[in-house]
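Everything on this sheet refers to the single structure shown next.
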(Lines of atoms letter the chains of each structure in order from A; the text may use other names.)
(Lines give C-alpha, C1' and ligand atoms only; values in the text may rest on other atoms or scores of the structure.)
Protein backbone atom coordinates (compact mmCIF):
# COMPACT_ATOMS: atom_id res chain seq x y z
CA UNK A 1 0.00 0.00 0.00
CA UNK A 2 1.40 3.40 -0.93
CA UNK A 3 2.46 5.78 1.80
CA UNK A 4 0.05 8.57 0.94
CA UNK A 5 -2.90 6.20 0.72
CA UNK A 6 -2.01 4.73 4.10
CA UNK A 7 -2.17 8.15 5.68
CA UNK A 8 -5.70 8.62 4.41
CA UNK A 9 -6.89 5.65 6.46
CA UNK A 10 -5.72 6.78 9.91
CA UNK A 11 -8.38 7.55 12.49
CA UNK A 12 -7.65 10.52 14.73
CA UNK A 13 -9.24 13.11 16.97
CA UNK A 14 -9.43 16.75 15.96
CA UNK A 15 -7.55 18.88 18.50
CA UNK A 16 -7.71 22.60 19.27
CA UNK A 17 -5.18 24.78 17.54
CA UNK A 18 -4.11 25.88 21.01
CA UNK A 19 -2.76 22.42 21.89
CA UNK A 20 0.74 22.73 23.35
CA UNK A 21 3.71 21.89 21.18
CA UNK A 22 7.23 20.72 21.95
CA UNK A 23 9.42 23.66 22.86
CA UNK A 24 12.03 23.96 20.05
CA UNK A 25 14.37 25.88 22.38
CA UNK A 26 14.85 22.95 24.80
CA UNK A 27 18.49 22.03 25.27
CA UNK A 28 19.75 18.57 24.40
CA UNK A 29 19.87 17.69 28.10
CA UNK A 30 16.24 18.72 28.63
CA UNK A 31 15.15 16.74 25.62
CA UNK A 32 16.81 13.65 27.02
CA UNK A 33 18.87 12.77 23.93
CA UNK A 34 20.87 13.94 20.94
CA UNK A 35 19.51 15.81 17.94
CA UNK A 36 19.71 12.63 15.92
CA UNK A 37 17.56 10.87 18.50
CA UNK A 38 15.04 13.70 18.52
CA UNK A 39 14.66 13.58 14.78
CA UNK A 40 13.54 9.96 15.05
CA UNK A 41 10.36 10.77 16.99
CA UNK A 42 8.22 9.14 14.33
CA UNK A 43 10.26 5.95 14.46
CA UNK A 44 11.26 5.46 18.11
CA UNK A 45 10.70 7.16 21.42
CA UNK A 46 13.78 8.75 22.89
CA UNK A 47 14.00 6.06 25.56
CA UNK A 48 14.85 3.45 22.97
CA UNK A 49 18.50 4.46 22.97
CA UNK A 50 19.27 3.07 26.39
CA UNK A 51 18.09 0.85 29.17
CA UNK A 52 14.64 2.22 30.03
CA UNK A 53 14.26 0.61 33.45
CA UNK A 54 10.79 0.65 35.00
CA UNK A 55 9.20 3.98 35.85
CA UNK A 56 7.92 3.69 39.43
CA UNK A 57 4.92 5.96 38.86
CA UNK A 58 3.82 3.98 35.78
CA UNK A 59 4.41 0.74 37.71
CA UNK A 60 2.28 1.97 40.61
CA UNK A 61 -0.60 2.95 38.31
CA UNK A 62 -0.33 -0.38 36.46
CA UNK A 63 -0.42 -2.36 39.71
CA UNK A 64 -3.45 -0.47 41.02
CA UNK A 65 -5.34 -0.93 37.74
CA UNK A 66 -4.34 -4.58 37.39
CA UNK A 67 -5.50 -5.39 40.92
CA UNK A 68 -8.99 -5.30 39.41
CA UNK A 69 -8.11 -8.50 37.55
CA UNK A 70 -7.79 -10.40 40.83
CA UNK A 71 -11.59 -10.43 40.87
CA UNK A 72 -11.87 -12.56 37.72
CA UNK A 73 -8.98 -14.80 38.72
CA UNK A 74 -10.44 -15.41 42.17
CA UNK A 75 -13.80 -16.32 40.67
CA UNK A 76 -12.20 -18.78 38.23
CA UNK A 77 -10.18 -20.42 40.99
CA UNK A 78 -12.80 -20.46 43.72
CA UNK A 79 -15.59 -21.81 41.48
CA UNK A 80 -13.51 -24.89 40.67
CA UNK A 81 -13.93 -25.98 44.29
CA UNK A 82 -17.10 -24.14 45.31
CA UNK A 83 -19.03 -25.85 42.50
CA UNK A 84 -18.48 -29.21 44.23
CA UNK A 85 -20.12 -27.97 47.43
CA UNK A 86 -22.83 -25.93 45.69
CA UNK A 87 -23.86 -29.05 43.80
CA UNK A 88 -24.17 -30.99 47.04
CA UNK A 89 -25.90 -28.23 49.01
CA UNK A 90 -28.40 -27.00 46.41
CA UNK A 91 -28.88 -30.43 44.79
CA UNK A 92 -28.27 -29.18 41.24
CA UNK A 93 -27.41 -31.18 38.12
CA UNK A 94 -24.19 -31.10 36.09
CA UNK A 95 -25.96 -29.02 33.42
CA UNK A 96 -26.92 -26.46 36.07
CA UNK A 97 -23.30 -26.41 37.24
CA UNK A 98 -22.20 -25.66 33.67
CA UNK A 99 -24.75 -22.83 33.44
CA UNK A 100 -23.70 -21.47 36.82
CA UNK A 101 -20.02 -21.47 35.89
CA UNK A 102 -20.45 -20.25 32.32
CA UNK A 103 -23.06 -17.55 32.89
CA UNK A 104 -20.48 -15.22 34.43
CA UNK A 105 -18.45 -15.36 31.22
CA UNK A 106 -21.49 -14.88 29.00
CA UNK A 107 -22.80 -11.96 31.09
CA UNK A 108 -19.36 -10.37 31.09
CA UNK A 109 -20.13 -9.73 27.42
CA UNK A 110 -22.47 -6.95 28.59
CA UNK A 111 -19.73 -5.29 30.60
CA UNK A 112 -17.07 -5.65 27.91
CA UNK A 113 -19.33 -4.14 25.24
CA UNK A 114 -20.38 -1.25 27.48
CA UNK A 115 -16.90 -0.56 28.84
CA UNK A 116 -15.53 0.98 25.64
CA UNK A 117 -18.21 3.65 25.42
CA UNK A 118 -18.16 4.19 29.19
CA UNK A 119 -14.39 4.73 29.30
CA UNK A 120 -14.55 7.17 26.37
CA UNK A 121 -17.23 9.08 28.29
CA UNK A 122 -16.08 9.17 31.93
CA UNK A 123 -12.43 8.18 31.54
CA UNK A 124 -10.36 5.06 32.07
CA UNK A 125 -9.84 5.60 35.79
CA UNK A 126 -13.47 5.88 36.84
CA UNK A 127 -14.44 2.98 34.58
CA UNK A 128 -12.16 0.82 36.74
CA UNK A 129 -14.17 2.00 39.76
CA UNK A 130 -17.43 1.05 37.98
CA UNK A 131 -16.01 -2.43 37.36
CA UNK A 132 -15.02 -2.92 41.00
CA UNK A 133 -18.34 -1.60 42.35
CA UNK A 134 -20.37 -3.86 40.05
CA UNK A 135 -18.37 -6.95 41.05
CA UNK A 136 -18.74 -5.98 44.73
CA UNK A 137 -22.54 -6.07 44.42
CA UNK A 138 -22.35 -9.44 42.64
CA UNK A 139 -20.05 -10.90 45.31
CA UNK A 140 -22.43 -9.88 48.08
CA UNK A 141 -25.39 -11.40 46.24
CA UNK A 142 -23.53 -14.67 45.70
CA UNK A 143 -22.39 -14.91 49.32
CA UNK A 144 -25.93 -14.40 50.62
CA UNK A 145 -27.71 -16.51 47.98
CA UNK A 146 -30.49 -18.66 49.52
CA UNK A 147 -31.26 -20.48 46.26
CA UNK A 148 -29.89 -21.38 42.84
CA UNK A 149 -31.76 -18.54 41.09
CA UNK A 150 -30.47 -15.97 43.60
CA UNK A 151 -26.96 -17.31 43.09
CA UNK A 152 -27.41 -16.99 39.32
CA UNK A 153 -28.46 -13.34 39.77
CA UNK A 154 -25.26 -12.65 41.68
CA UNK A 155 -23.22 -14.34 38.93
CA UNK A 156 -24.89 -12.15 36.29
CA UNK A 157 -24.05 -8.92 38.16
CA UNK A 158 -20.49 -10.08 38.90
CA UNK A 159 -20.10 -11.06 35.24
CA UNK A 160 -20.89 -7.52 34.11
CA UNK A 161 -18.19 -6.23 36.46
CA UNK A 162 -15.72 -8.78 35.11
CA UNK A 163 -16.47 -7.64 31.54
CA UNK A 164 -15.70 -4.04 32.47
CA UNK A 165 -12.49 -5.08 34.20
CA UNK A 166 -11.14 -7.25 31.39
CA UNK A 167 -11.32 -4.41 28.87
CA UNK A 168 -10.36 -1.37 30.90
CA UNK A 169 -7.35 -2.62 32.87
CA UNK A 170 -5.11 -3.51 29.87
CA UNK A 171 -6.19 -0.40 27.92
CA UNK A 172 -5.46 1.91 30.86
CA UNK A 173 -2.05 0.33 31.53
CA UNK A 174 -1.11 0.38 27.82
CA UNK A 175 -1.96 4.08 27.54
CA UNK A 176 -0.06 4.96 30.72
CA UNK A 177 3.10 2.92 30.11
CA UNK A 178 6.29 3.92 28.26
CA UNK A 179 6.81 1.95 25.04
CA UNK A 180 9.80 -0.13 26.14
CA UNK A 181 8.18 -1.45 29.33
CA UNK A 182 4.59 -1.66 28.05
CA UNK A 183 4.77 -5.43 27.56
CA UNK A 184 5.71 -6.03 31.20
CA UNK A 185 3.25 -3.53 32.66
CA UNK A 186 0.34 -4.54 30.42
CA UNK A 187 0.98 -8.17 31.37
CA UNK A 188 0.22 -7.35 34.99
CA UNK A 189 -3.56 -7.92 34.60
CA UNK A 190 -2.84 -11.54 33.66
CA UNK A 191 -0.37 -11.80 36.55
CA UNK A 192 -3.11 -10.66 38.92
CA UNK A 193 -5.62 -13.04 37.31
CA UNK A 194 -3.18 -15.86 38.10
CA UNK A 195 -2.72 -14.56 41.65
CA UNK A 196 -6.51 -14.42 41.98
CA UNK A 197 -6.82 -18.01 40.75
CA UNK A 198 -4.25 -19.12 43.31
CA UNK A 199 -6.09 -17.23 46.07
CA UNK A 200 -9.30 -18.96 44.96
CA UNK A 201 -7.62 -22.35 45.28
CA UNK A 202 -6.29 -21.46 48.73
CA UNK A 203 -9.77 -20.28 49.74
CA UNK A 204 -11.19 -23.62 48.60
CA UNK A 205 -8.65 -25.49 50.68
CA UNK A 206 -9.10 -23.26 53.74
CA UNK A 207 -12.91 -23.38 53.85
CA UNK A 208 -13.57 -26.87 52.45
CA UNK A 209 -13.77 -28.41 55.93
CA UNK A 210 -16.73 -26.18 56.92
CA UNK A 211 -20.33 -27.43 56.53
CA UNK A 212 -21.52 -27.55 52.91
CA UNK A 213 -24.20 -24.92 53.43
CA UNK A 214 -21.62 -22.40 54.68
CA UNK A 215 -18.27 -23.08 52.97
CA UNK A 216 -19.18 -22.11 49.42
CA UNK A 217 -20.91 -18.92 50.59
CA UNK A 218 -17.75 -17.77 52.36
CA UNK A 219 -15.64 -18.78 49.36
CA UNK A 220 -17.71 -16.58 47.05
CA UNK A 221 -18.44 -13.77 49.50
CA UNK A 222 -14.84 -12.93 50.47
CA UNK A 223 -14.24 -11.66 46.92
CA UNK A 224 -16.02 -8.48 48.06
CA UNK A 225 -12.88 -7.41 49.97
CA UNK A 226 -10.53 -7.00 46.96
CA UNK A 227 -13.35 -5.20 45.13
CA UNK A 228 -13.47 -2.59 47.92
CA UNK A 229 -9.67 -2.27 47.84
CA UNK A 230 -9.70 -1.66 44.07
CA UNK A 231 -12.43 0.99 44.33
CA UNK A 232 -10.39 2.85 46.96
CA UNK A 233 -7.16 2.44 45.01
CA UNK A 234 -8.64 4.31 42.05
CA UNK A 235 -8.40 7.51 44.09
CA UNK A 236 -4.59 7.30 43.95
CA UNK A 237 -4.39 6.56 40.22
CA UNK A 238 -3.64 9.12 37.47
CA UNK A 239 -5.92 9.36 34.44
CA UNK A 240 -4.72 8.05 31.07
CA UNK A 241 -2.70 10.82 29.37
CA UNK A 242 -4.10 9.88 25.97
CA UNK A 243 -7.68 10.19 27.19
CA UNK A 244 -6.78 13.58 28.71
CA UNK A 245 -5.41 14.76 25.35
CA UNK A 246 -8.64 13.70 23.66
CA UNK A 247 -10.59 15.79 26.18
CA UNK A 248 -8.39 18.83 25.61
CA UNK A 249 -6.84 18.64 29.09
CA UNK A 250 -3.28 19.02 27.83
CA UNK A 251 -1.62 20.35 30.96
CA UNK A 252 -2.94 17.41 32.99
CA UNK A 253 -1.75 15.00 30.30
CA UNK A 254 1.67 16.63 30.31
CA UNK A 255 1.97 16.29 34.09
CA UNK A 256 1.11 12.57 33.92
CA UNK A 257 3.64 12.06 31.10
CA UNK A 258 6.33 13.89 33.07
CA UNK A 259 5.80 11.52 35.99
CA UNK A 260 5.82 8.41 33.75
CA UNK A 261 8.89 9.49 31.72
CA UNK A 262 12.60 9.61 32.53
CA UNK A 263 12.79 13.39 32.09
CA UNK A 264 10.80 16.42 31.00
CA UNK A 265 12.19 16.32 27.48
CA UNK A 266 10.99 12.76 26.93
CA UNK A 267 7.56 13.75 28.26
CA UNK A 268 7.43 16.63 25.75
CA UNK A 269 8.30 14.25 22.91
CA UNK A 270 5.68 11.71 23.99
CA UNK A 271 3.07 14.45 24.26
CA UNK A 272 3.92 15.70 20.77
CA UNK A 273 3.62 12.17 19.39
CA UNK A 274 0.21 11.70 21.02
CA UNK A 275 -0.94 15.09 19.69
CA UNK A 276 0.19 14.18 16.19
CA UNK A 277 -1.62 10.85 16.35
CA UNK A 278 -4.71 12.68 17.54
CA UNK A 279 -4.72 15.53 15.05
CA UNK A 280 -2.79 14.77 11.84
CA UNK A 281 -4.19 13.13 8.71
CA UNK A 282 -7.87 13.60 9.55
CA UNK A 283 -10.01 11.95 6.89
CA UNK A 284 -12.70 13.84 4.99
CA UNK A 285 -15.31 12.04 7.06
CA UNK A 286 -13.60 13.19 10.25
CA UNK A 287 -13.50 16.76 8.95
CA UNK A 288 -17.19 16.69 8.12
CA UNK A 289 -17.97 15.29 11.55
CA UNK A 290 -15.93 17.98 13.32
CA UNK A 291 -16.93 20.89 11.06
CA UNK A 292 -20.12 21.51 12.99
CA UNK A 293 -18.17 21.91 16.23
CA UNK A 294 -15.73 24.55 17.26
CA UNK A 295 -12.16 23.18 17.44
CA UNK A 296 -12.14 24.10 21.08
CA UNK A 297 -15.00 21.71 21.73
CA UNK A 298 -13.02 18.51 21.15
CA UNK A 299 -13.74 17.54 24.75
CA UNK A 300 -17.36 16.87 23.76
CA UNK A 301 -16.35 13.74 21.83
CA UNK A 302 -17.56 10.65 23.68
CA UNK A 303 -16.80 7.85 21.21
CA UNK A 304 -19.62 8.46 18.76
CA UNK A 305 -19.20 6.92 15.29
CA UNK A 306 -16.55 4.38 16.31
CA UNK A 307 -18.72 1.25 15.94
CA UNK A 308 -19.55 2.26 12.38
CA UNK A 309 -15.87 2.76 11.57
CA UNK A 310 -15.03 -0.62 13.08
CA UNK A 311 -17.84 -2.80 11.65
CA UNK A 312 -19.54 -1.00 8.74
CA UNK A 313 -16.85 0.95 6.91
CA UNK A 314 -13.49 -0.40 8.13
CA UNK A 315 -10.41 0.39 6.04
CA UNK A 316 -7.94 -2.40 5.17
CA UNK A 317 -5.55 -1.54 8.05
CA UNK A 318 -8.41 -1.41 10.56
CA UNK A 319 -9.77 -4.71 9.21
CA UNK A 320 -6.37 -6.35 9.72
CA UNK A 321 -6.24 -4.96 13.26
CA UNK A 322 -9.72 -6.38 13.94
CA UNK A 323 -8.72 -9.80 12.59
CA UNK A 324 -5.59 -9.83 14.77
CA UNK A 325 -7.33 -8.62 17.95
CA UNK A 326 -10.39 -10.83 17.59
CA UNK A 327 -8.27 -13.81 16.52
CA UNK A 328 -5.91 -13.73 19.49
CA UNK A 329 -8.87 -13.32 21.89
CA UNK A 330 -10.75 -16.17 20.20
CA UNK A 331 -7.84 -18.59 20.50
CA UNK A 332 -7.17 -17.55 24.09
CA UNK A 333 -10.51 -19.03 25.13
CA UNK A 334 -10.83 -21.70 22.43
CA UNK A 335 -7.70 -23.22 24.02
CA UNK A 336 -10.00 -24.42 26.81
CA UNK A 337 -7.71 -23.08 29.53
CA UNK A 338 -10.50 -21.47 31.56
CA UNK A 339 -12.60 -24.63 31.35
CA UNK A 340 -9.66 -26.78 32.47
CA UNK A 341 -9.22 -24.50 35.50
CA UNK A 342 -12.95 -24.23 36.26
CA UNK A 343 -13.36 -28.01 36.08
CA UNK A 344 -9.88 -28.98 37.26
CA UNK A 345 -11.29 -31.23 40.03
CA UNK A 346 -13.32 -33.08 37.37
CA UNK A 347 -10.24 -33.31 35.15
CA UNK A 348 -8.13 -34.68 38.00
CA UNK A 349 -10.91 -37.11 38.92
CA UNK A 350 -10.74 -38.39 35.36
CA UNK A 351 -6.99 -38.66 35.82
CA UNK A 352 -7.53 -40.94 38.82
CA UNK A 353 -7.49 -38.63 41.89
CA UNK A 354 -10.72 -39.12 43.86
CA UNK A 355 -10.12 -37.70 47.37
CA UNK A 356 -11.67 -34.18 47.63
CA UNK A 357 -8.87 -32.81 49.83
CA UNK A 358 -6.29 -34.17 47.40
CA UNK A 359 -8.19 -32.66 44.48
CA UNK A 360 -8.09 -29.20 46.05
CA UNK A 361 -4.42 -29.65 46.98
CA UNK A 362 -3.44 -30.55 43.41
CA UNK A 363 -5.27 -27.47 42.11
CA UNK A 364 -3.15 -25.31 44.45
CA UNK A 365 -0.01 -26.81 42.90
CA UNK A 366 -1.44 -25.98 39.47
CA UNK A 367 -2.17 -22.41 40.59
CA UNK A 368 1.38 -21.89 41.89
CA UNK A 369 2.80 -23.22 38.63
CA UNK A 370 0.59 -20.93 36.56
CA UNK A 371 1.49 -17.85 38.61
CA UNK A 372 5.24 -18.51 38.38
CA UNK A 373 5.18 -18.89 34.61
CA UNK A 374 3.06 -15.80 33.98
CA UNK A 375 5.57 -13.77 36.00
CA UNK A 376 8.41 -15.17 33.89
CA UNK A 377 6.54 -14.30 30.69
CA UNK A 378 5.81 -10.76 31.88
CA UNK A 379 9.45 -10.12 32.73
CA UNK A 380 10.73 -11.28 29.33
CA UNK A 381 7.96 -9.99 27.03
CA UNK A 382 9.70 -6.70 26.28
CA UNK A 383 12.95 -8.54 25.55
CA UNK A 384 11.75 -11.39 23.34
CA UNK A 385 8.58 -9.84 21.91
CA UNK A 386 4.94 -10.86 21.63
CA UNK A 387 5.07 -13.25 18.64
CA UNK A 388 7.78 -15.61 19.94
CA UNK A 389 6.03 -16.01 23.31
CA UNK A 390 2.65 -16.57 21.64
CA UNK A 391 4.01 -19.25 19.33
CA UNK A 392 6.05 -20.92 22.07
CA UNK A 393 3.00 -20.98 24.34
CA UNK A 394 0.59 -22.32 21.71
CA UNK A 395 3.02 -25.02 20.54
CA UNK A 396 3.64 -26.08 24.13
CA UNK A 397 -0.09 -26.15 24.86
CA UNK A 398 -0.73 -28.30 21.79
CA UNK A 399 1.83 -30.88 22.90
CA UNK A 400 0.62 -30.83 26.51
CA UNK A 401 -3.03 -31.23 25.52
CA UNK A 402 -2.19 -34.15 23.20
CA UNK A 403 -0.24 -35.75 26.06
CA UNK A 404 -3.16 -35.18 28.45
CA UNK A 405 -5.57 -36.66 25.91
CA UNK A 406 -3.35 -39.72 25.60
CA UNK A 407 -3.16 -40.14 29.39
CA UNK A 408 -6.92 -39.85 29.93
CA UNK A 409 -7.63 -42.24 27.06
CA UNK A 410 -5.10 -44.76 28.39
CA UNK A 411 -6.69 -44.67 31.87
CA UNK A 412 -10.15 -45.15 30.42
CA UNK A 413 -9.12 -48.10 28.25
CA UNK A 414 -6.69 -49.92 30.53
CA UNK A 415 -7.87 -49.04 34.03
CA UNK A 416 -5.35 -49.82 36.74
CA UNK A 417 -2.45 -50.81 34.45
CA UNK A 418 0.50 -48.55 35.32
CA UNK A 419 -2.09 -46.45 37.15
CA UNK A 420 0.27 -44.33 39.29
CA UNK A 421 2.60 -43.46 36.42
CA UNK A 422 -0.24 -42.39 34.11
CA UNK A 423 -1.90 -40.34 36.86
CA UNK A 424 1.39 -38.52 37.41
CA UNK A 425 1.66 -38.00 33.65
CA UNK A 426 -1.82 -36.45 33.54
CA UNK A 427 -1.09 -34.13 36.46
CA UNK A 428 2.15 -32.97 34.80
CA UNK A 429 0.31 -32.49 31.49
CA UNK A 430 -2.37 -30.30 33.13
CA UNK A 431 0.29 -28.18 34.86
CA UNK A 432 2.24 -27.93 31.59
CA UNK A 433 -0.91 -26.82 29.74
CA UNK A 434 -1.65 -23.95 32.12
CA UNK A 435 2.07 -23.07 32.27
CA UNK A 436 2.39 -22.71 28.50
CA UNK A 437 -0.85 -20.72 28.49
CA UNK A 438 0.73 -18.41 31.07
CA UNK A 439 3.82 -18.03 28.90
CA UNK A 440 1.93 -17.14 25.73
CA UNK A 441 -1.79 -16.54 25.34
CA UNK A 442 -2.45 -15.57 28.96
CA UNK A 443 -0.50 -12.31 29.28
CA UNK A 444 0.11 -11.57 25.60
CA UNK A 445 -3.56 -11.45 24.59
CA UNK A 446 -4.25 -8.51 26.90
CA UNK A 447 -1.05 -6.73 25.84
CA UNK A 448 -1.60 -7.19 22.12
CA UNK A 449 -5.29 -6.39 21.86
CA UNK A 450 -4.91 -3.24 23.97
CA UNK A 451 -2.00 -1.78 21.99
CA UNK A 452 -2.76 -2.35 18.31
CA UNK A 453 -5.88 -0.18 17.89
CA UNK A 454 -5.46 3.49 16.92
CA UNK A 455 -6.22 6.00 19.68
CA UNK A 456 -9.67 6.86 18.35
CA UNK A 457 -10.72 3.20 18.17
CA UNK A 458 -8.79 1.77 21.11
CA UNK A 459 -11.39 1.62 23.87
CA UNK A 460 -14.32 0.39 21.79
CA UNK A 461 -12.15 -1.78 19.53
CA UNK A 462 -10.69 -3.50 22.58
CA UNK A 463 -14.17 -3.93 24.03
CA UNK A 464 -15.27 -5.66 20.81
CA UNK A 465 -12.29 -8.06 20.91
CA UNK A 466 -12.82 -8.81 24.60
CA UNK A 467 -16.53 -9.43 23.90
CA UNK A 468 -15.51 -12.23 21.53
CA UNK A 469 -13.19 -13.48 24.28
CA UNK A 470 -16.09 -13.60 26.75
CA UNK A 471 -18.53 -15.26 24.35
CA UNK A 472 -16.07 -18.03 23.48
CA UNK A 473 -15.15 -18.46 27.15
CA UNK A 474 -18.83 -18.81 28.06
CA UNK A 475 -19.50 -21.32 25.29
CA UNK A 476 -16.49 -23.45 26.21
CA UNK A 477 -17.24 -23.30 29.95
CA UNK A 478 -20.92 -24.16 29.48
CA UNK A 479 -20.29 -27.09 27.14
CA UNK A 480 -16.99 -28.54 28.38
CA UNK A 481 -18.47 -31.20 30.64
CA UNK A 482 -21.25 -32.16 28.21
CA UNK A 483 -18.87 -32.53 25.27
CA UNK A 484 -16.38 -34.42 27.45
CA UNK A 485 -19.11 -36.85 28.48
CA UNK A 486 -20.01 -37.35 24.81
CA UNK A 487 -16.50 -37.80 23.37
CA UNK A 488 -14.59 -38.52 26.63
CA UNK A 489 -12.11 -36.19 28.32
CA UNK A 490 -9.33 -37.66 26.21
CA UNK A 491 -11.19 -36.83 23.01
CA UNK A 492 -11.86 -33.30 24.27
CA UNK A 493 -8.18 -32.69 24.94
CA UNK A 494 -7.23 -33.99 21.49
CA UNK A 495 -9.68 -31.46 19.96
CA UNK A 496 -8.22 -28.62 22.04
CA UNK A 497 -4.71 -29.65 21.00
CA UNK A 498 -5.78 -29.36 17.34
CA UNK A 499 -7.19 -25.89 18.05
CA UNK A 500 -3.80 -24.80 19.39
CA UNK A 501 -2.05 -26.04 16.24
CA UNK A 502 -4.38 -23.73 14.26
CA UNK A 503 -3.62 -20.92 16.72
CA UNK A 504 0.11 -21.25 16.12
CA UNK A 505 -0.38 -20.89 12.35
CA UNK A 506 -2.67 -17.88 12.87
CA UNK A 507 -0.13 -16.10 15.08
CA UNK A 508 2.64 -16.69 12.55
CA UNK A 509 0.78 -15.33 9.54
CA UNK A 510 -1.43 -12.56 10.96
CA UNK A 511 0.30 -10.98 13.96
CA UNK A 512 3.18 -8.51 13.40
CA UNK A 513 5.61 -7.83 16.23
CA UNK A 514 4.89 -4.72 18.35
CA UNK A 515 7.79 -4.92 20.81
CA UNK A 516 9.41 -1.57 21.66
CA UNK A 517 7.10 0.56 19.52
CA UNK A 518 4.95 3.40 20.80
CA UNK A 519 1.19 3.08 20.51
CA UNK A 520 1.27 5.79 17.86
CA UNK A 521 3.69 3.75 15.70
CA UNK A 522 1.95 0.39 15.87
CA UNK A 523 -0.90 1.14 13.44
CA UNK A 524 1.61 1.45 10.57
CA UNK A 525 2.58 -2.22 11.08
CA UNK A 526 -0.80 -3.28 9.74
CA UNK A 527 -0.26 -1.44 6.47
CA UNK A 528 2.00 -4.34 5.41
CA UNK A 529 0.66 -7.79 4.68
CA UNK A 530 3.74 -9.65 5.94
CA UNK A 531 4.34 -9.68 9.70
CA UNK A 532 7.74 -8.64 10.99
CA UNK A 533 9.61 -11.48 12.63
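Note that the numbers count up from 1, one per residue, in the order the chain is shown.
Cβ atoms are placed via backbone N, Cα and C, with glycine included.
Please treat TrEMBL annotations as automatic predictions, because they have not gone through curation.
For reference, TrEMBL has these:
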type	residues	note
COMPBIAS	292-301	compositional bias 'Polar residues'
DOMAIN	61-515	domain 'Major facilitator superfamily (MFS) profile'
REGION	15-50	region 'Disordered'
REGION	280-301	region 'Disordered'
TRANSMEM	57-85	transmembrane segment
TRANSMEM	97-114	transmembrane segment
TRANSMEM	126-149	transmembrane segment
TRANSMEM	156-173	transmembrane segment
TRANSMEM	179-202	transmembrane segment
TRANSMEM	214-237	transmembrane segment
TRANSMEM	359-380	transmembrane segment
TRANSMEM	389-414	transmembrane segment
TRANSMEM	420-442	transmembrane segment
TRANSMEM	489-511	transmembrane segment
By a Cβ-Cβ criterion of under 8 Å, what residues six or more beyond either terminus of the transmembrane segment (389-414) are in contact with it?
328, 331, 335-337, 350-352, 377, 380-381, 422-423, 425-426, 429-430, 432-433, 435-444, 448, 488-494, 496-498, 500-501, 503-504, 507-508, 511
Express the predicted model's confidence over the domain 'Major facilitator superfamily (MFS) profile' (61-515) as a mean pLDDT, rounded to an integer.
83
Who are the long-range neighbours of the transmembrane segment (214-237) in its own chain, taking Cβ under 8 Å and residues 6 or more past its ends?
60-61, 64-65, 67-68, 70-71, 74-75, 78, 81-82, 85-86, 89, 125-126, 128-129, 131-133, 135-136, 139-140, 142-145, 154, 161, 196, 200, 203-204, 207-208
Could you check if the transmembrane segment (156-173) is in contact with the transmembrane segment (489-511), meaning 3+ Cβ pairs under 8 Å among residue pairs at least 6 apart in sequence?
no
